[in-house]
Amino acid sequence: KGKCPEDGWDESTIELFLHELAIMDSNNFLGNCGVGEREGRVASGLVARRHYRLIHGIGRSGDISAVQPKAAGSSLLNKLTNSVVLDVIKLAGVRTVSSCFVVPMATGMSLTLCFLTLRHKRPKAKYIIWPRIDQKSCFKSMITAGFEPVVIENVLEGDELRTDLKAVEAKIKALGAENILCVHSTTSCFAPRVPDRLEELAVICANYDIPHIVNNAYGVQSSKCMHLIQQGARVGRIDAFVQSLDKNFMVPVGGAIIAGFNESFIQEISKMYPGRASASPSLDVLITLLSLGTSGYKKLLKERKEMFSYLSSELKKLADNHNERLLDTPHNPISLAMSLKNLDETNDAAVTQLGSMLFTRQVSGARVVPCGSVQTVNNYTFKGFMSHANDYPCAYLNAASAIGIKKQDVDVFLKRLDKCLKTFRKEAKQEKSINEISDSNTATEQLED
């Protein structure tokens, strides 16, 4: 049926299925006589086994989704993977999505492919409207495609950084709609930035007849992010949304899914990819989804949401104990942020030092964001880089509840963070005592004089 099975398959069944696909490829025919330059020859048996002897990759020189006559098994693998992934995207919340395909590039390059496809539809366009998110790959995706990003600064609402819709519309009017390639919005992001106002942006794009590309990097695991995409497509315009395979399906880095609501446009993007492509990302995600089944994936999504609530409540308790606070970011369903005001006031370098301490204590993924950091990316200077704003009110620490996270991960992280913060407080007290003694000695000396 081309759908993800409800119950996952066992490993031996999946391997049998993959071997059946592999023997449909010409390089595995017993009597095959290959005289071309690309015959699926592999020197290492280890490499052949690693890829289940599916050597030909996917697509043809003119279309990544095309069928290869000499590689019926690999072609079937590709078609099935795209069909199963489409089923899972619908299951995750974007029910009206019409088409998608797995591309063997991570999110940034996949966004670039979308922009290059739009170039042929809008030859005059040279700008991309981009509500700011401090993540290099999505910024560089526009530069690599040859366009000029127009950065729209976010507005601070409480603790949250949200889309400045008035600034977006004003910039469209100033530049002229025909000169704008698209609006490039974001769903999944680090708090205190929250997902863009996708519905409102989609309406603006529809009103001005401007394409809309959504960076949904790790949004498939969030029902809220997927709902925003579904609603945006319902009330306005979303041309394509891009998501990472590794972040959403727990497979190795190297693949993404490009999906949309207009099948012909998604096909145009797939035809823009030059040459054949590696089948590894497709193979990885198909194996994973066959082993999980829809019930297994739903369970992972449910556990992630539960862990987000647990992480939020426990991080709030820890913040209160250290006279800090959990920033109020209710619109961000994956990432949390805890202020580091006391740390920042104590010592300029203390915030970044905390990040180093956590990393050396084997805490990965937590980000510490100091105030006033400046970074230049492709000749564009970002003030307050990593905080998504020029002047965010405080330094902070990020932690996320992503798919696959366990209660043990949260508990160990909180324990190690607590120890690190106590170390800083102890050092601060000692420094204060030394300063007080020094001040006292100075005062005594002045009296004696």
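Each position is counted from 1, following the chain as shown.
The backbone N, Cα and C atoms fix where each Cβ goes, glycine too.
Automated prediction, rather than curation, is the source of TrEMBL annotations.
These features come from TrEMBL:
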BINDING   R38  pyridoxal 5'-phosphate binding site
BINDING   R60, S61, Q68, R276  substrate binding site
BINDING   R234, R361, K426  tRNA binding site
MOD_RES   K247  N6-(pyridoxal phosphate)lysine
REGION    429-449  region 'Disordered'
COMPBIAS  435-449  compositional bias 'Polar residues'
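Features per TrEMBL, on structure.
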residue : record                              : Cβ contacts under 8 Å, 6 or more apart
R38     : pyridoxal 5'-phosphate binding site : H56
R60     : substrate binding site              : A66, V67, Q68, R276
S61     : substrate binding site              : P274, G275, R276
R234    : tRNA binding site                   : T96
K247    : N6-(pyridoxal phosphate)lysine      : A217, Y218, Q221, A402, I403
R361    : tRNA binding site                   : R416, K419, C420
K426    : tRNA binding site                   : none
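Q68 (substrate binding site) counts 20 other C-beta atoms within 10 Å of its own C-beta, drawing on all protein chains shown.
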